[in-house]
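Engineer: So that we are looking at the same thing, I have put the structure below in structure tokens.
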Amino acid sequence: MRAWIFFLLCLAGKALAAPQEALPDETEVIEDPTTEEPVGANPVQVEVGEFEEPTEDVEEIVAENPCQNHHCKHGKVCEVDDNNSPMCVCQDPSSCPASAGVFEKVCGTDNKTYDSSCHFFATKCTLEGTKKGHKLHLDYIGPCKFIPACLDTELTEFPLRMRDWLKNVLITLYEHAPLHFHAFHACIPKISMLTRHPWPLPWQVKKIHENEKRLEAGDHTVELLARDFEKNYNMYIFPVHWQFGQLDQHPIDGYLSHTELAPLRAPLIPMEHCTTRFFEACDLDNDKYIALEEWASCFGIKER
């Protein structure tokens with residue numbers, strides 16, 4: 001803008017400095033009073049708009065969509081009823097986007113492969129209120145396949161690998177996004193009240209990360225994992241509690257439902273065939289929920 005003003009001033013300066021050509025002596029210029037224009041008026045504006053009333057720009061008012069900020073759970077979409085109020089209704093499975101590949105397919109507890117999680121949850125919604133719908137859950141990510149039975153000896157080894165894996169996941173997240181744990185700190189007082197135990201602070205993740213005795217990630221034998229857990233027990237407490245806090249979200253009540261557990265177990269089942277049996281064993285009172293105390297006990301974390 002300053003450059004344009006400077007440019008216009010330069011043009012004006014040149015115009016004032018330029019010599020004016022004198023009119024011929026014999027030419028007399030007579031001004032026509034009938035064509036005199038008001039001072040400062042634009043001739044075009046005077047000609048076409050002199051007697052027109054000014055118009056005001058009217059902004060078009062667009063009605064807000066009632067569904068804009070109305071959220072529905074998986075398998076449902078928002079629609080507006082006769083009173084223009086938002087409501088959640090079951091999504092038609094045929095309206096789900098087409099699957100882009102095998103990696104989008106999921107397997108249900110009915111041992112049926114669904115094209116995507118959208119197709120699965122939409123189908124489950126249509127079965128609401130039925131016995132089949134109550135029992136139907138997302139089992140794991142990927143097409144349905146044969147999952148071998150988990151032996152007792154394998155079930156004993158599973159928490160050893162799981163504890164080490166949770167610790168390594170936490171360390172990796174800390175290395176890539178340390179500020180993530182400062183945000184997580186906001187949840188600590190609420191969970192501490194549920195557990196009645198002092199909750200580890202985010203700085204303890206840094207302490208684990210910098211501990212020279214920490215067992216690095218790798219394909220370790222169960223014997224080594226067992227010795228490390230016994231030797232560095234305190235290093236495994238926070239990763240186990242942290243994972244529970246990440247899953248306990250809907251609602252945050254100190255219990256894990258099958259739905260809350262799904263983000264962890266669904267990707268694990270194809271790789272760890274003892275996953276289902278392990279989490280079933282964690283539910284000690286068979287109430288279909290895993291309490292924090294039950295969760296900690298499953299991983300060998302003792303109550304303080």
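Please read every residue number as a count from 1 along the shown chain.
Glycine too: its Cβ is placed from the backbone N, Cα and C atoms.
Predicted, not measured: the structure shown is a model, and the values here were computed from it.
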Engineer: Pick from CYS144, CYS150, CYS187: which one does TrEMBL say forms the disulfide with CYS274?
Structural biologist: CYS150
Engineer: So, in TrEMBL, which cysteine from CYS107, CYS118, CYS187 is disulfide-paired with CYS144?
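Structural biologist: Among CYS107, CYS118, CYS187, the cysteine that TrEMBL links to CYS144 by a disulfide bond is CYS107.
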Engineer: In whole Å, how far does the CA atom of CYS96 (disulfide bond) lie from that of CYS274 (disulfide bond)?
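Structural biologist: Roughly 32 Å, rounded to the nearest whole number.
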Engineer: Using CYS118 (disulfide bond) as the reference point, find which of the disulfide-bonded residues CYS67, CYS88, CYS274 has the shortest Cα-to-Cα distance to it.
Structural biologist: CYS88
Engineer: Just checking: which of CYS88, CYS144, CYS150 have a Cα that is within 10 Å of the Cα of CYS67 (disulfide bond), counting only these disulfide-bonded residues?
Structural biologist: CYS88
Engineer: When a 10 Å sphere is centred on the Cβ of CYS78 (disulfide bond), how many other Cβ atoms does it contain?
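Structural biologist: I get 16 for this one.
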Engineer: Can you tell me how far the Cα of CYS88 (disulfide bond) sits from the Cα of CYS274 (disulfide bond), in Å?
Structural biologist: 37
Engineer: Other than its own, how many Cβ atoms are within 10 Å of the Cβ belonging to CYS118 (disulfide bond)?
Structural biologist: 19
